[in-house]
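**Q** Could you have a look at this structure, given as structure tokens, before my questions?
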Amino acid sequence: MRKYHAKKLDKEALYPYQPWKITEQEFLIETNHHNEAIFTLGNGYMGLRGTFEEDYPGSEETTTPGFYINGVYASEEIIYGEEAPNSPKKGQTIVNLADWSEINLYINEEKLNLLKGQILDYKRELDMEQGILRREMIWEDRQGRKIEIKINRLISLSREHIGAIRYQFKAINFSGKISVNSAVNGDVSNHHHLRNKKALEVIESEINTNTGYLLHKVKTTGFKVAYVVEHLLDDYAKQNCEIKKRSSDNRIDWIFEISAVEGEEYTIDKIVGINHCKEEAENPLSAARASVARASITGFENLVEEQAEFMSGYWQDVDVKIEGAEALQQAFRFNAFHILQAAGKDGQTSVAAKGISGEHYEGHYFWDTESYILPFFAFQRPEVARNLLLYRYNTLDKAKKNAARMRLEGALYPWRTINGAEASGFFMGSTVQYHINADIAYAVNLYYQVSRDQEFMENYGLEILIETARMWLSLGSYIPMHDNKFCFNEVCGPDEYKPGVNNNAYTNYMAKFNLDIAIKMAEIIKDKSPEKYKRVAERIGLTDNEINRMREISEDIYLPYDERLEITPQDDSFLYKNPIEVDNIPDSDLPLVKNWHPLIIWRYQVIKQADVLLLMLQLGYQFDRDLKIRNYDYYEPKTTHDSSLSPAIYSILASEIGYKNQAYNYFMQTARLDLDDFNENVYQGVHTACMGGTWLALVQGFAGMRMFNNKLYFHPDLPDGWDEYQFRLRFKASQIEVTVKENKVKYMLISGDKVEFKHYDQLVVLEESNLSQELEI
Ligand code: BGC
């Protein structure tokens, strides 16, 4: 394994290994920034970074507070050094919205500030079993007054518009005035990307005794966001409290002044409803008000209970249990928790590269969703996978415009986007990655194979498949010097270190897959639902001639193979570049993307992330084991893994070809990337694709699960040092549980009537009369 990555595995754990929790045991301002991302709470609709309730006017080195709604963005003109014709004019950047979590506490006039006075006790824990963030501390102010504070925070997973904080405090050694200043702070800015960082204006606000609201507008895009707040005080706090209100241009403040009695605990619950809308004529206020009214009646304790119930259902489906590897047990739950929090579930949004946990990558969606995250949902929570694909369907028109921009037919999905239009100003890193079309088609098929959701395929899937396939017909051309094969020139595969190449193998094979699956689905639907087919075909102008043309071209696509090296060449030029091994590159030059000019990178046979190897996985049934080994041996030493999307794929392939050590080491790089902050950039937000990749590395890697042509296969293995691991998968209306132990595996039918799959070459059938089967590995 490459030295650069091996080094990272020695990194000390930042949090104790606990099966269900991530605990910060000590407050240190130096670790505050990455904790803000780790302790992010979200529900797919919105995300709140784990910034404290009390404000620390710190520097951007130590804190970047953030509250975001998935899909709510600001837009600015892209400034080009040299603009290529038909380049996207406007960018899209997720907006840092009002901070509604702000709560400051004062003992008399002294403000709670963990950087002053003394922290006598401190603990913050993310409880992944319950879906809640808790902080408990005892703080002594500079006059020696001690106060105990307990804060519980949640973003409701069952009510997507609700966030809530329970704030409790107890004076330990004094009686006197304690003021709790709760606010909606609309005076916020973006930390990154936007030139005009003040993206918002307040259009309305109101404050009453313990309720109030603020209404924001995103200046450049017109999104309106309403934050409605209601405070609930326990009886004891109510009786001893005077409430003051303050409002200014862009914030509203409630000050609860309590005559605190030594030893008594006081509780203030802050229930917040957040809604947004895009249309000028709409107003999100009444919806937010209604959500808050309902949640306030429900009460904080019941919201907590609801949350735990939601999580318990989620864990039933997605929990991976690992015996004998506590660091990994924790990592799996952490990753699954964040994937849930990051994923849009409304068909209008998707999963941003950093989830809803930071502004980096501008809140953009990439191919990460379909290639790394969608399988996680398709096999465990198919309804989420369906919605992620519906997002692509709902943005198909914009993808068609994007194709037209490139003088192509059909649809070309954008490389980076929020609203469906291409948002990248750097075409050599974005539009050139045409493979995203095939990745989306692959995901449509994957979801369909797992779910057999015929309705989805007929109403949405087929159209995506046809429009993406059309793009390939117009992108490629017959090239005489390639024996008149159909070639794709000036493309970039997943390896972003080789843009603008001809015949990237991943792209060519996946384009063929895209065409073949479009043809196959068209045939199936034509046969099963001729009326439906007719309607779709008429609407999108699909003819039998076009299907025939797709078939012809698919057969003619150039599928590269190098006879001399007996490997799959990454593209036409890769093998002719200057050979280099990553071990010969000084550590200080890595990641290359930050240290070498692109022209230098392009000269070498150096790879950013799995490319040919990803092909060996996605279309693995088309290649034999020996070729996979030769490809692995050739490309692995040349791969820097400068993208966190890479190690998981190497781990899976290493498992398949029996390189057990490498499989394990690559798996370790992916599983705890964020928790151990391998890349020292988790403060920017979590790496959602890498989190999805971790799950793939276990299920497809160690358990050797594959699904090709509607059939499921397992080739399970137990990594050294583990006692056992277990996961559940859905497949065609059934759910199965797979438990891998030393030398044996148990398959169990959890729900559904009957399921069939292969364990190595053996056919396994689970049904009512035979619910489970234990087999040798
Ligand atoms: C990777 C891309 C990925 C993007 C967002 C880049 O560094 O090379 O493959 O889509 O990050 O995660």
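Every residue number used here counts from 1 along the chain in the order it is shown.
Glycine is no exception: its Cβ is also placed from the backbone N, Cα and C atoms.
The structure displayed is predicted, hence computed values, not measured ones.
Grabbed the feature section from TrEMBL, which reads as follows:
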DOMAIN    23-274  domain 'Glycoside hydrolase family 65 N-terminal'
DOMAIN    333-695  domain 'Glycoside hydrolase family 65 central catalytic'
BINDING   Trp367, Asp368, Lys608, Gln609  substrate binding site
ACT_SITE  Glu496  active site, proton donor
DOMAIN    705-766  domain 'Glycoside hydrolase family 65 C-terminal'
**Q** Quick check for the class: what is the C-alpha distance, in angstrom and rounded, between Lys608 (substrate binding site) and the residue listed as 'active site, proton donor'?
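**A** Cα of Lys608 (substrate binding site) to Cα of the residue listed as 'active site, proton donor' measures 6 Å after rounding.
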**Q** If you measure every Cα to Cα distance among Trp367, Asp368, Lys608, Gln609, the residues said to bind substrate, what is the biggest one in Å?
**A** 16
**Q** Averaged over the domain 'Glycoside hydrolase family 65 N-terminal' (23-274), what pLDDT does the prediction give?
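**A** In the predicted model, the domain 'Glycoside hydrolase family 65 N-terminal' (23-274) has a mean pLDDT of 96.
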**Q** Give me the Cα-Cα distance between Asp368 (substrate binding site) and the residue listed as 'active site, proton donor', rounded to a whole Å.
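**A** Counting only the Cα atoms, the answer is 14 Å.
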**Q** What Cα-Cα separation, expressed in whole Å, is found between Trp367 (substrate binding site) and Glu496 (active site, proton donor)?
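**A** Between the alpha carbons of Trp367 (substrate binding site) and Glu496 (active site, proton donor) there are 13 Å.
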**Q** Give the sequence-ordered set of same-chain residues, not counting Trp367, Asp368, Lys608, Gln609, with Cβ within 8 Å of the centre of the Cβ atoms defining the substrate site.
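**A** Along the chain, the qualifying residues are Phe366, Ser371, Pro494, Glu496, Ser643, Leu645, Ser646, Ala689.
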**Q** Cβ neighbours within 10 Å, counted over all protein chains: which one of the recorded positions Asp368, Glu496 has the most?
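**A** The most densely surrounded of these recorded positions is Asp368.
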**Q** Distance between Gln609 (substrate binding site) and the residue listed as 'active site, proton donor' at the Cα atoms, whole Å?
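**A** The Cα atom of Gln609 (substrate binding site) is 8 Å away from the Cα atom of the residue listed as 'active site, proton donor'.
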**Q** Which numbers of helix, strand and coil residues does DSSP report for the domain 'Glycoside hydrolase family 65 C-terminal' (705-766)?
**A** 0 helix, 42 strand, 20 coil
